[in-house]
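Below you'll find the structure, written out as structure tokens, and then a few comments.
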Amino acid sequence: MSSVSAKIFAVTGGASGIGAATCRLLAERGAAVICVADVNCTDFASLQESIAQINASTLVQCTKVDVSSVQDVNLWLHGIVSKHGDLHGAANVAGIAQAAGLRTKLTILEEDDAEWRRVLDINLNGVFYSTRAEVKVMRDLPLAHRSIVNVASIAAFSHVPDVYAYGTSKNACAYLTTCIAADVFWSGIRVNCVSPGITNTPLLPQFEPKVKTLDEIRKLYREQGYPTSEAEDVARTIVWLLSEDSRPVYGANINVGACPP
């Protein structure tokens, strides 16, 4: 029996991409309840249908949540515990991309203030608000194995003279995760981070708006030495970190796919 079987999980950004792949794998391994938060509701029905085909006994609860809103995040997580009585694990996957290759040197002078705030609001503040609220509700539950996984990026290891907001948000996400991990480990809560490389998700074309097709994007990255992974590859690492199989790993930042440059 899987160590996530019969347990309750929360997944931000869970309606598509890596988040949806994580939900499907949790269902495949017997999770009792998966609570999905996403600002985009259009994929909720298809996600629920796909999970029903994988495991009809897994309950999927989808909620529209803007992770950059403290109120949205707090209400969602408190609602999970109020309704289901527990929360064993959470994956904070919600995030947005930033287009590369649109700026000319000096690229820093073309970094837009509004885009900077928007990217950091979702990719960094959203992770902070979610992790803080998850720790708060988990702390008040009976002592048990509990795990939180945040999703950063290979950009956390990179020094690219472009996409400053995205790289900063992901580097800060990884740093934040390791600090929180050291803080809460003694409360029985493990916190870890996953940093995907180039991953085939709906966000991928948004990073390379000048490239017309997915095949061309894959070729571009392959020529730079970066193979393309699938969302399911990342999901396997997230679910492992959520499970008791990964005890006592905490404060880790695991790259999935391309290695750090």
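Every residue, even glycine, has its Cβ placed from backbone N, Cα and C.
Among the features that Swiss-Prot reports, active site, proton donor is placed at Y166, with the record citing similarity to another entry. What Swiss-Prot records for K170 is active site, lowers pKa of active site Tyr. Annotated NADP(+) binding site per Swiss-Prot: I18, D66, R132, Y166, K170, T201, in sequence order, evidence recorded as similarity to another entry. Summarising the annotation, Swiss-Prot assigns N-linked glycosylation site to N40, N55 and lists sequence analysis as the type of evidence. Taken from Swiss-Prot, the feature signal peptide covers 1-20, and the record attributes it to sequence analysis.
Between the candidate recorded positions, N40, N55, T201, the densest Cβ environment within 10 Å is the one around T201. Across the recorded positions listed here (R132, K170), the residue whose Cβ sits among the most other Cβ atoms within 10 Å is K170. I18 (NADP(+) binding site) sits 16 Å from the residue listed as 'active site, lowers pKa of active site Tyr', taking the C-alpha atoms as the reference points.
Comparing the residue listed as 'active site, proton donor' with N55 (N-linked glycosylation site), their Cα atoms are 36 Å apart once rounded. For the recorded site, I18 (NADP(+) binding site), the DSSP three-state label reads helix.
Following the DSSP three-state reduction, the secondary structure of K170 (active site, lowers pKa of active site Tyr) is helix. By neighbour count, meaning other C-beta atoms within 10 Å, the densest spot among the recorded positions I18, D66, Y166 is I18. Using a 10 Å Cα-Cα cut-off around D66 (NADP(+) binding site), the recorded positions N40, N55, K170 reduce to N40. When every Cα pair among I18, D66, R132, Y166, K170, T201 is compared, the largest distance found for this NADP(+) site is 27 Å. The two recorded residues, K170 (active site, lowers pKa of active site Tyr) and T201 (NADP(+) binding site), show a Cα separation of 17 Å. R132 (NADP(+) binding site) sits 23 Å from N40 (N-linked glycosylation site), taking the Cα positions as reference. Recorded residues N40 (N-linked glycosylation site) and T201 (NADP(+) binding site) have their alpha carbons 15 Å apart, per Cα-Cα distance.
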